Amino acid sequence: MGQVLPVFAHCKEAPSTASSTPDSTEGGNDDSDFRELHTAREFSEDEEEETTSQDWGTPRELTFSYIAFDGVVGSGGRRDSVVRRPRPQGRSVSEPRDPPPQPSLGDSLESIPSLSQSPEPGRRGDPDTVPPAERPLEELRLRLDQLGWAVRSAGSGEDSATSSSTPLENEEPDGLEASEAGETNLELRLAQPLHLQFEGLTPQLSPSSGIPQAHTPSPQRSQDLNTGPDEPLPNGEGEHWRLLEQEPITAQCLNSTDQSEFTLEPLLLVADLLYWKDTRTSGAIFTGLMASLLCLLHFSIVSVAAHLALLGLCATISLRVYRKVLQAVHRGDGTNPFQAYLDMDLTLTREQTERLSQQIASHVVSTATQLRHFFLVEDLVDSLKLALLFYILTFVGAIFNGLTLVILGVVALFTVPLLYRQHQAQIDQYVGLVTSQLSHIKAKIRAKIPGTGTLAPAASVSGSKAKAE
C-alpha cells in the first residue's frame with residue numbers, strides 16, 4: 001500500500017491533456033475504435049510511411065485520430081460498398097488500414113476491371129489478342145468502362161467523408177453482388193448493336209410532361225480508334241451516318257417546299273375544281289358562275305352585285321336569328337354558327353407578305369415588259385403577229401359579246417380538262433396529225449418564198465429539238 005499511494009498521488013498531480021488521455025465521448029466504443037490496432041500489418045513500416053506521406057502528407061498521429069473520429073461518424077452513416085476501393089487480397093477484415101484517399105485518375109484507371117490482364121484470350125484489356133474486326137467494339141467498351149468508373153469515383157468522394165473506412169464482414173457480399181450487377185449491366189449495353197446505341201442520342205418526349213428526355217449517349221466513333229480510314233463501317237453505324245448526312249438535304253427540300261407552298265396551294269385547288277375531284281364543290285361553283293354570268297347578260301353589273309350581296313346577307317342573318325330563337329326556348333346554346341370561320345386567322349406573316357408582293361411585282365413587271373416589246377416594235381415579226389391577232393378579234397367582236405366569250409371560256413374550263421383525261425390517247429393522236437399537217441404547210445410556204453428555202457431545214461431541226469426538250 002505504501003508503494004501504491006505515491007503512484008496515485010503522482011497521477012493526481014499530473015494534469016491530463018487532450019493528447020495523452022482520449023475523451024470517451026469522442027472515441028465512442030473502445031472495441032470499435034481500437035480493435036484493429038492490435039493486429040499486425042501486411043506491409044512494412046517503411047512502405048507504410050511512404051504510402052502515408054505520399055497520399056496524405058501528414059504524420060501518423062493524424063491518421064490514427066482520423067480512424068478514431070471516423071468510427072463515430074461512420075457508425076450511423078450509410079455505407080456504400082460499390083463505390084469503395086476493392087480490398088487487397090490477403091488482408092483480413094480486422095486488419096487496420098489507412099483511410100481511403102480520394103481516387104485520382106491513375107488509381108481509377110488501374111482499378112478498372114476491364115483494364116486488368118485477363119487469363120482468357122480475347123478478353124478486354126489485352127489488345128494484342130483481340131481480333132482486328134472486334135477492335136472498335138473493344139475500344140468502345142474500354143471508354144465506357146472509364147466513364148462509368150469516373151462517375152463512381154466522383155460519387156465515392158462524397159460518400160467517403162461520412163461512411164466508415166473499414167467495411168464490415170456482412171457488407172462484402174452486397175458489394176460483390178452490386179459490382180457484378182454493374183458489370184453485367186455494362187456488358188449487356190455493350191452487347192447491343194451499334195445502331196441501337198446511337199439511337200440513344202435522339203431525345204424522346206415523355207408522355208406525361210412533354211419534355212424531351214435523352215437516353216444516355218454512347219461515345220461517338222472518333223478517328224483515334226485502331227481502325228484505319230479505309231476500314232468499312234458496320235451496317236448499323238454506316239446507315240446512321242448516312243442518314244445524318246442526308247438530313248441537311250431533307251431540311252433544304254422542306255424549306256423550298258415551304259417557300260413554294262404559298263403559290264402551289266391555289267393552283268392545286270383550281271386543278272381539283274377543273275378535274276372534278278369533288279363533284280359537289282365543282283358543281284356548285286360551276287352553277288354559281290354560270291348563273292351570275294347569265295344574269296349579267298340581262299342586267300347591269302351594279303344591280304347584279306347588289307342583289308347577290310343582299311341574298312347572302314339574308315341567308316346569314318336568318319341563320320343567326322334562328323340560333324338565337326333556339327337559345328330563347330332553351331333548346332340551344334345560341335352560339336354563332338359561323339364562329340369557326342370568325343376564328344380563322346387571315347393575317348399574313350412577314351414572309352408571306354414579302355413573297356406575295358414579290359410575285360405581284362414580278363407579274364406586273366413582266367406584263368409591262370411584254371407590252372413594251374410588242375408596241376414599241378422591239379421585234380418586227382412579233383409586233384406583226386400581235387396586229388394580226390387584233391385584226392381577227394375585230395371580226396369576233398362583231399359576232400359575239402364579251403360576256404358570251406366569258407361564258408364559253410368557263411364552260412370550256414370545266415369540260416375540256418375532264419374530257420382530255422378520259423380520252424387522252426385519241427386526242428393526242430388527232431392533235432399530232434393536225435400539227436404535222438400544219439408543219440408541212442409551213443414548209444411548203446417557206447420553200448416558195450425566195451431566200452427562206454435554205455433556212456427551212458434548220459428551222460425544222462430546231463423545232464424538233466425544242467419539242468424533244
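Think of each number as a place in line: the chain as shown, counted from 1.
Cβ coordinates are placed from backbone N, Cα and C, and glycine is handled just like the others.
Note that the structure is a prediction, hence the values are computed from the model and not measured.
Listed features, source Swiss-Prot:
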REGION    1-180  region 'Disordered'
COMPBIAS  14-25  compositional bias 'Low complexity'
COMPBIAS  32-43  compositional bias 'Basic and acidic residues'
MOD_RES   SER44  phosphoserine
COMPBIAS  135-144  compositional bias 'Basic and acidic residues'
COMPBIAS  159-168  compositional bias 'Polar residues'
REGION    201-238  region 'Disordered'
COMPBIAS  203-226  compositional bias 'Polar residues'
DOMAIN    270-469  domain 'Reticulon'
TRANSMEM  293-313  transmembrane segment
TRANSMEM  388-408  transmembrane segment
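Per-residue pLDDT, averaged across the domain 'Reticulon' (270-469), gives 88. Residues 290, 293-294, 296-297 of the same chain lie 6 or more positions beyond the ends of the transmembrane segment (388-408) yet place their CB under 8 Å from a CB of it. Using DSSP to sort the residues of the compositional bias 'Basic and acidic residues' (135-144) gives these counts of helix, strand and coil: 10 helix, 0 strand, 0 coil.
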